[in-house]
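Asks: One structure, pasted below without further comment.
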Amino acid sequence: MSYETTTERGFLLSTREWGVIGGATGLMLLNVFVMYLAAATPLARVNQIVFSVPIVGALVYGALITGGQMIAERGFKNDSMGMAMAGVIVLELAFGAFGGGVLSFLSAGARIPALAIAGVVVVAMTAVIGSYVYLRSGTQFDHYGRWATYAFLGGLGALLVATFVPVVGVAAFALIFLGFLLRLGYEMWQVRESRGRPAMQSVGLYVAVAGVFVHVLQIVVRMLAER
């Protein structure tokens, strides 16, 4: 099946697109700060308790992230800044608690380097995916949204199995990570096609980037902890 269509897009970003990316970047930078703070609070311990049963942790955070994004989008659609901000706060706290829980496995002095390394890797990955989406200006990437959903569902199924067969947890991690990467490509396509309000697109892009970030952070933390 071909997804090729004709669009009148170039590679250079418009002011609107830079605004969307800037908004998502601001939300992500704030989230990194929240993660750093959360690592030294009881939130980190709560994260560890929730993930003592992997499928429970995934469902809890999945519900918070999905719910937060839905609340934020509804707020923007209804011109209710209070509701939109409430949704964003839920997202910031959800990703912040998760990232803080991951960081808590490192000593205080190693946390900033871990965040910095993860940040550099994620910026590079985002640039590669974004460049691919924009260079293929004649291609529609709506199917990436469906594929992301399939990857998330596959990851949840693998996590359920991992509750009894821990080795399957690696496959679950890979599938959910892939889901966020596909979601990132989908959100970049949404920005390229100017689908929806800029503020809503900023939130969608931020969620995708944050999902990629916490997975890269887990890899970085494991590598640093094993040194």
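Just so it is clear, glycine is given a Cβ too, placed from its N, Cα and C backbone atoms.
Checked TrEMBL, it gives:
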type	residues	note
TRANSMEM	20-39	transmembrane segment
TRANSMEM	51-72	transmembrane segment
TRANSMEM	84-106	transmembrane segment
TRANSMEM	113-135	transmembrane segment
TRANSMEM	155-182	transmembrane segment
TRANSMEM	203-225	transmembrane segment
Asks: For the transmembrane segment (113-135), name the stretch out of 20-39, 51-72, 84-106, 203-225 with the most CB-CB pairs under 8 Å.
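Replies: It is 203-225 that shares the most Cβ pairs under 8 Å with the transmembrane segment (113-135).
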Asks: Need a quick answer: max count of Cβ pairs under 8 Å to the transmembrane segment (51-72), which of 20-39, 155-182, 203-225 is it?
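Replies: That would be 155-182.
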Asks: For the transmembrane segment (203-225), what are the same-chain contacts with Cβ under 8 Å, counting residues 6+ beyond its ends?
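Replies: Long-range Cβ neighbours of the transmembrane segment (203-225): 20-21, 23-24, 27-28, 31-32, 35, 65, 69, 72-73, 76, 87-88, 91, 95, 98-99, 102-103, 105-106, 110, 113-115, 117-119, 121-122, 125-126, 173, 176-177, 179-181, 183-184, 186-188, 190-191, 196.
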